[in-house]
Every structure is written in C-alpha cells, then in structure tokens.
Amino acid sequence: YVRPVSSWKVAVFEHQVIPPKTDMETREEALDALKLNSDVYHEAVLESRSKGVKMIVFPEYGLYDINTLTRTRMDLMAEKVPHPKHGHRNPCDEPEYQTQSSEMLRTFSCMAKENDMYMVVNMAGREPCRRATEPECPGDKQLLYNTNVAFNNEGDVVARYYKTHLFWEEGWFNSSKNYEMALWDTPIGKFGTFMCFDFQAVQLIEQYNVRHIAYPASWVNLPPIYQSIQSHSAFARFAKINLLAASVHRLETSTYGSGIYSPNGAEIFYFRPDIPKSKLLVAEILPIHVKKPEQTVVNFDNPVFPSEDDDVQDLFDRGDFAFLKYKRMTTRAGTVEVCQKSFCCKARYAVKDRFKEVYAVGVYDGLLSAGANNLYFQICTVIQCPHKKCGLKISKVRTHFKYLNLRADGWLDRYVFPSYTVMYNNYIALDPFVWNYTEAGGIETKPGTSTPLHSANLVARIYAKDSSKHVHQSHPIDEGVIKMAVKYMLYVMAAYVYAAS
C-alpha cells in the first residue's frame, strides 16, 4: 500500500556525460567508466534529498559516452535487469546481485534505499536468446536493450522498460518487439516510463489512465519547431499529465533541454546551449484526476507503409523545417491561411507597432524520416523567418504579438500537441500563462498580453500512418549501420558549425 499525498517534490537531472579515461576491454574497465557518471548521479541524489525530493529521473545515455559505443563495449556495460512481474527483486539486499555482473543495478538500488527516494535510471539491459528459435537473436546470442529501470524508495525494482524505436542505435542495441508500458505506484499516483521516439505513448497513457510519466531522453533539438522543451511541454499539456523529462546534456550534438511539465505548462525547465555542465531541476507536482476517455486506442501492430510516390522528408539530412509550405504575414493585423492537401492552417493575429522581422504561417502534412522510422506529422505553425528564410534556426526576436489565434482544419487524428515559444534575451523560453489551448479553438493568447514570439505550433503525430524502414540488425556492425553512423556524424558536424556561426 502506498499512502497518497496532496503534492510531491520531484527532480530531473540533465547530465553532461564524463567520457571514459581509457578504452574498455574488460568488465572492470567498463565499471570504472560507468562509475564516473554514477558518482555524479549520487551527488545529485544527495542534493535532491537535502531539498526534500521524493523522486528523481536521470537521462537516457547518461552513463556512457555515445561517441565511443560499439556492440562489444555495450556488452561490457550491460546487466540483466529483472522484471517485477516475475517477483519481488531488491538488488541492494539480495545475495544474487552482490556480484560484478550486477554492480550498477545494485548501486542504484542502494542509492534509492539509502536516500528514501524513487529513482528512474537509463542503462543497458541484456537478455539471453536462442538463434534456433528466435529469428531476431544476434550472433552473440544475446539481446541488448536500451533500458529504463524504476526503483522505489526501498530499492525494489518496480518497473523495467525496453526501448522499441531505436534512433541510430542499431550498432549496439536491439529493438524490443514487445511494446508495453512500465507502470508503478507512488504516493502521488501511478507512474509510467518510456523514452525518445517511443513518444507515441499518449494512447497508452489514456488506456491505463496514467497521469505521471518519467521520461529519460537524449533529445536532439531540431530548430525551430521540434525542440525539447517545445515538444515536452506540448505533450504534457495535451495529454494532461505531469511529465518529468530528463535529457542528457551534449552540446556538440545539440542534445539538451529538460523540465518538469504539468497540464498547465512548465513548472521548471532548462534550455541552455551555452552552458557546458549538468543541471538539477526541482519542482512540486500535484495529483491529476482525469476521467478515462472512451476513445479507441490506435493499434500499432498494423502500420500503414508509404508508397513509392510518397515524398518523405529526412529531418536529419535537412536539419531544418524549410520544407513546410509557408505564406508570409504582411500586415500589422489580419488573417493568413495556407493549405497542403486537405490540411489547412489559419492564423488571426495582431502585432505591436509593426513587424520587425518576417513571420509566416506554415503547414506540412506527410512523413518525416528520423532514424529507422518514417513518422507521420501534421504541422501548423506561425514562425519567424530569419533572413527572410522560413524554417531555420531563430537567434533573435524583436516583434511582439498582441494577439494570436492559431488553428487548423483537416486533422487526421485528435492527438494534437500545442506549444507557444517566446524568446527573451536571445534565449528560447516557455510562457504558459499567456495562452490557452482547446481542441476546437486551437491556440489563443490571453487578452492584454504582448509576447516576443519565437513560434506557435500545433503538431499532430499520426501514429497509425508511421512506418519502419526495416533496418536490419546484425552483429558485428553491418554496412548499413556504418552508413547511418557516418550520416549522423555529418549531421552533428553541420549542426555544430551552424550553431557556432
């Protein structure tokens, strides 16, 4: 039995990974590398405890340097993580976990127990497999998974989650074929966890009526529309949940941005591309009581595959959103509408004084390529166009909007995520108190407000129209994975050069 509470103090930790000092060829060397970062986690837990925190979430890929990963090295770092459905497990107390092969699992279990704190940690999990009976079983006869592990405040493993949609991780991880929510009880209510491109779990949130999500992430920002704090706050607002989003802090790959979000907006967030260090965020969350919806859950087992005629835009080849169809806003006040196919985006607006930069209404209805997946998006946006080119990174905002109403017609699904992003002193920020959102009326700013608008966005993910590229997994790394890694590094280099310019 978990005694309910009226509020709960929680934390997320945005961590800048400490790379290993030497190459990893043994389990001992792998543990040395892991401990460099788990020691920092311990410091964050101690600081959190001093602030009254009852639960902390750590980021995806927070324990190891992604730039040095191979299947062999991940094998050295992986541990077998128990599933709670197979019985009670407390690695801190139980003798079978007092071995080198379970050292990190035991470390985190004891960390949670000794500090009376719930914890969610991302690590490498392993499962043995048989090639004779399991077609997906690699040559090394084991499945390595990108894994979230949740511990309660007594150190028990209360949830385990394997990642389904890999994001250029096929060189070291396997994709889980069993999509399921990992759920556990806390004093504030039931929690769930997932990560990164497994972000379609809004349907499962509604199926299980979960109102609190722990979300470890390694979020690569794609300005100006698909950045971490925009997407995470939009998800929390639409799904009516508390979202604890912890991203790794890796500036060279534009990977950063964490926060604690509620149905009312951001309780606290951190989005600083200019500060190369870790950050602890603490806030209080409240219980959320929402009646379970009656809508039918989308079936993920039967995706709609694109035809050869479909124009699939590759987000990471492009690195921008210039492929949207845009229509410029030319008068101080008015209405602008732009359509693609049968999907139309419409903005009614008024600016203070005059436009000091170019703004436009943009629309997109189609597939976007990301990693091993084609993801179907509908996008309706009002956005600044730096140097008169829309869809590029925005560095400064001087135009203030006195009024904005953004809505769209032709949605293919009701899962529409709203965000309203402003820019103060050249830094992107969230201001949840200046706007409202309803499914019928879209985004509308409140009377008497004037904001330096970065972008207002309505983004729908049409999960039933997603498709897989069917990337083949093998061991050792095959040519396709090498090509993907090269492609990713080219994107990283381009993003770094662009950010520095």
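Along the chain as shown, the residues are counted starting at 1.
For all residues, glycine too, the Cβ spot is worked out from N, Cα and C.
Copied over from Swiss-Prot:
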type	residues	note
ACT_SITE	Glu60	active site, proton acceptor
ACT_SITE	Lys163	active site, proton donor
ACT_SITE	Cys196	active site, nucleophile
MOD_RES	Cys390	S-(coelenterazin-3a-yl)cysteine
Report summary line: Around the Cβ of the residue listed as 'active site, proton donor', other Cβ atoms found within 10 Å total 25
Requested in this report: With an 8 Å cut-off on Cβ-Cβ distance and a minimum sequence separation of at least 6, pull the same-chain contacts of the residue listed as 'S-(coelenterazin-3a-yl)cysteine', or say none.
Outcome: Phe321, Ala322, Leu324, Tyr326, Val358, Ala360, Gly362, Ile383
Requested in this report: Quick one: give me the count of other CB atoms within 10 A of the CB of Glu60 (active site, proton acceptor).
Outcome: 24
Query - C-beta crowding around the residue listed as 'active site, nucleophile', within 10 angstroms - result: 23
Query - Euclidean distance between Cα atoms of the residue listed as 'active site, nucleophile' and the residue listed as 'active site, proton acceptor', Å - result: 8
Report task. Round to the nearest Å and give the CA-to-CA distance linking the residue listed as 'active site, proton donor' with Cys196 (active site, nucleophile). Result -> 8
